[in-house]
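**Student:** If you scroll down you'll find the structure; I have some questions about it.
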Amino acid sequence: MISYYFQGFALGAAMILPLGPQNAFVMNQGIRRQYHLMIALLCALSDLVLISAGIFGGSALLMQSPWLLALVTWGGVAFLLWYGFGALKTAMSSNLELASAEVMKQGRWKIIATMLAVTWLNPHVYLDTFVVLGSLGGQLAMEPKRWFALGTISASFLWFFGLALLAAWLAPRLRTVKAQRIINILVGVVMWLIAFQLAREGVAHMQALFN
């Protein structure tokens, strides 16, 4: 059964490594050393819920509800455009240190709300956990399925805590004005690229619904 664990771990790691809204947010919180371990835990727990739902039967709900998928997609587009705009606005600020200080004033609950948004309003999360993992893990018998799910969940916990701790460790180098400007530009551009990609997918979904 351990082979199913490592299959799940490898697949989970491959899907979580690319830079996306979750990773960017965890990295930034690590650099700021602001509730970064709490955010890593909440991201990992969110993945635990989504992965479990996808592998143990939740994928059928999403696949049978095209309107739900469309709603999640366009909600994600709107949020990613807003999030990317905020990052680019900070990067282009004439006083980046002041802009960064304003971000640091955010309270715990606002940070948690943002974390929930970057996780649960990201349609790619549902496609990864419900469609990809659900289709692969759903074909397995119950015992291998549990090991497969445990492997993917382990990859999520290891990645988010590793990313948060590494970003916090590198914080002295990554908190410079130049580094912060580069990071915010990178995050903003990536968020907008993902948003435009999702918008194209959303248009395709809407055309399929009305045809």
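Glycine is treated like the rest: Cβ placed from N, Cα and C.
Bear in mind that the values here come from a model prediction, so they are computed numbers and not experimental data.
Just lifted these from Swiss-Prot, have a look:
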type     : residues : note
TRANSMEM : 1-21     : transmembrane segment
TRANSMEM : 37-57    : transmembrane segment
TRANSMEM : 68-88    : transmembrane segment
TRANSMEM : 111-131  : transmembrane segment
TRANSMEM : 147-167  : transmembrane segment
TRANSMEM : 179-199  : transmembrane segment
**Student:** So, taking each listed stretch (1-21, 37-57, 68-88, 111-131, 179-199) in turn and counting its Cβ pairs to the transmembrane segment (147-167) that are under 8 angstroms, which one gives the highest count?
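**Tutor:** So the stretch in question is 1-21.
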**Student:** Among 1-21, 68-88, 111-131, which stretch has the most Cβ pairs under 8 Å to the transmembrane segment (37-57)?
**Tutor:** 111-131
**Student:** Out of 1-21, 68-88, 179-199, what stretch is closest in contact terms to the transmembrane segment (111-131), meaning most Cβ pairs under 8 angstroms?
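**Tutor:** The stretch with the most close Cβ contacts to the transmembrane segment (111-131) is 68-88.
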**Student:** What else in the chain is close to the transmembrane segment (179-199), if you only count residues 6 or more beyond its ends and a Cβ gap under 8 Å?
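**Tutor:** Counting only partners 6 or more residues beyond its ends, the transmembrane segment (179-199) has Cβ contacts under 8 Å with 19-21, 24, 27-28, 31, 73-74, 76-77, 80-81, 83-88, 90-91, 96, 100, 123-124, 173.
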